[in-house]
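In TrEMBL this protein carries:
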- 67-87: transmembrane segment (TRANSMEM)
- 112-208: domain 'Rieske' (DOMAIN)
Amino acid sequence: MATTAALSTAANPTHQLCRSRATLGKPVKGLGLGMGRERAQSITCQAASSIPADRVPDMEKRKLMNLLLLGAISLPTVGMVVPYGAFFVPAGSGGAGGGTYAKDKLGNDITVDEWLKTHGPNDRTLAQGLKGDPTYLVVEQDKTLATYGINAVCTHLGCVVPWNGAENKFICPCHGSQYNNQGKVVRGPAPLSLALVHADVDDGKVLFVPWVETDFRTGEDPWWKA
């Protein structure tokens, strides 16, 4: 399952794992995502090194991490709750030829025709993907659905990376990693580009299939290939 506080500078080669000492072991009244500045400012951090390519956190750990981060950062997080929290659900059903049908935030199979009616050129919107990972469906400039999807899990610490349309890039809210509009890493501390999946069409529905070929963005073998 997918999981996402403060931004660190790009020049810093280490990331920071944060925890709140002020609330440790104490009951919290009115627990919610809109936490006050006092709690956010009580967070202390410990530096650690980036995870290697084969150690990207699994979904259960990412879910826990993102939920903790959502509770640790204040106002910017509130706007992320609806679009990203909706995808912490079980993995979808598979297609007849393998793969997994993409599902929207309500758990419905995504059909290409209906999707394109409400999503315009350069749109990147999350769907539920392989193994339940939040995965971006990409609409090309010619209003067609791209043949690839972009896994939204940051390769630094596994946070869910939002799409920033104004900047035309993906920007991680946890430590400032940035990826271009195809998910290629352009700024650390993330060490790798976002993973890809094939976005095929099966009986009018979007079908995510594992990407095992060369990464067209880098010309290299996919690091996420098992």
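Every residue number used here counts from 1 along the chain in the order it is shown.
Positions of Cβ are set from backbone N, Cα and C atoms, glycine also.
Automated prediction, rather than curation, is the source of TrEMBL annotations.
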The domain 'Rieske' (112-208) [mean pLDDT, rounded to integer]: 96
The domain 'Rieske' (112-208): DSSP-derived helix, strand, coil residue counts: 10 helix, 41 strand, 46 coil
